[in-house]
DNA sequence: CGGCATACG
DNA sequence: CGTAT
DNA sequence: GCCG
């Protein structure tokens, strides 16, 4: 639960920033206490934080323990420090991690844990660089519906049949039905399937991963608790394999194949590696095969591009989730700076934030204009400005600005290939010969209030492109795949974040002025951003 | 048994 | 190969 | 891994 919400579980009391306990008697607490430097609080703080989706003040939960050092000599586990993490060593924890961390590196190395004022306890998730999973306690399956709400119970109304809920749009196109952020009734099953999807992803079984994603989206959209394997089997996206997994889950409350991943060293290591910007499944696997087991080992011994090195070094911050107020602070900055670059600019936050997520891993912003203006210099102007104002610390990646270079590369590559069908190739490069479409940059901001490094993606869209850019960057990823699939298969329309065009031969651009126009052009019902969480 | 989103560096 | 939704 |  802690880790899922961005916290870090200490292995020993001594390395903890905060102790949680369900003990009520202060003498019993004292008996187990080996670390008096940090706050002690009631375990209910954790549950309430998760419920509220934010870090609550510790005040009401903190447990005072008067000072009489009673060093207990024998350790009876870390009582309620349930499910320790992995490693104890953190000797060189922050080595090479000193880039651009001023305000939030702890004042002294010991166990200072307050990032800001005394109001919030913010977990410092450093030592993720030295985390390794050999002999580590298994992760706990964390399912979104932390809120108990009968995943188990039979809230069975009249019709407990094996038929699917008639309110459910049983389609293979996720974009045709609302999909909320979290499954209301099948959250635990979804959590298991997500593990399997991730495992397939890391093995680069893309098609299999996609199949799991279809099933997951279907279940998230499904309006009641699945009660039987037959009921599950009727849902489009669930075939024989996932139906069987569902049967096992319904009988035992677990999915062993997925459960095993929670304690699988290779899976957990690859998963961690893969969280670094610039590190995909192949790179992660290569590192594993070379014997690396922690990110620190990779930093110390690997030969890395600057981007990947940065990606590793920034990970301890990047994995700290942003609250909506954190996101909004950054939006304000971008809006203010955009206004001073050009007062016609329009700044639109998209991504998970727009879909209503309470916690975000990054922030995506579409920058467009209120009227048709020349946008060609906007990205560089914005980056310059944000840099000089001290907000942007790094540009992890950015697309080229002007026209041309891309064409040259295409031609070169074609020349190398013994080309036969030059028609398509040439038309392709001609099509690109105008101006560049969507320049974009993936940047690292320092958030003023916390000093935490945050990934902010800036996307430039022309006035014309604005609707498709907003649709495309709002996601979710699966929603985008689905609506593009639908456009192609059912309407013979090609949809991207740049444009909508008819595929039948006189390729004509379908003009749209807002998101709704796109849904209308496809003749599908409008789905609000909050319901695009496929 | 073919197809699975699309575009960028 | 990697990035984004 | 599932759909058409």
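Using N, Cα and C of the backbone, Cβ positions are placed for all residues, glycine too.
For the Mg(2+) site that TrEMBL gives as A:362, A:364, the extra residue drawn from A:271, A:289, A:457 is A:457.
Of the given residue ranges A:7-64, A:65-122, TrEMBL assigns the label region 'Disordered' to A:65-122. Neighbour counts of Cβ atoms within 10 Å were compared across the binding-site residues A:364, A:457; the minimum falls on A:457. Around residue A:362 (Mg(2+) binding site), the same-chain residues at least 6 positions away in sequence with a Cβ under 8 Å from its Cβ are A:318, A:322, A:351, A:454, A:455, A:456, A:457. Same-chain neighbours of the Mg(2+) site beyond A:362, A:364, A:457, judged by a C-beta within 8 angstroms of the site's C-beta center, are, in sequence order, A:350, A:351, A:363, A:365, A:442, A:455, A:456.
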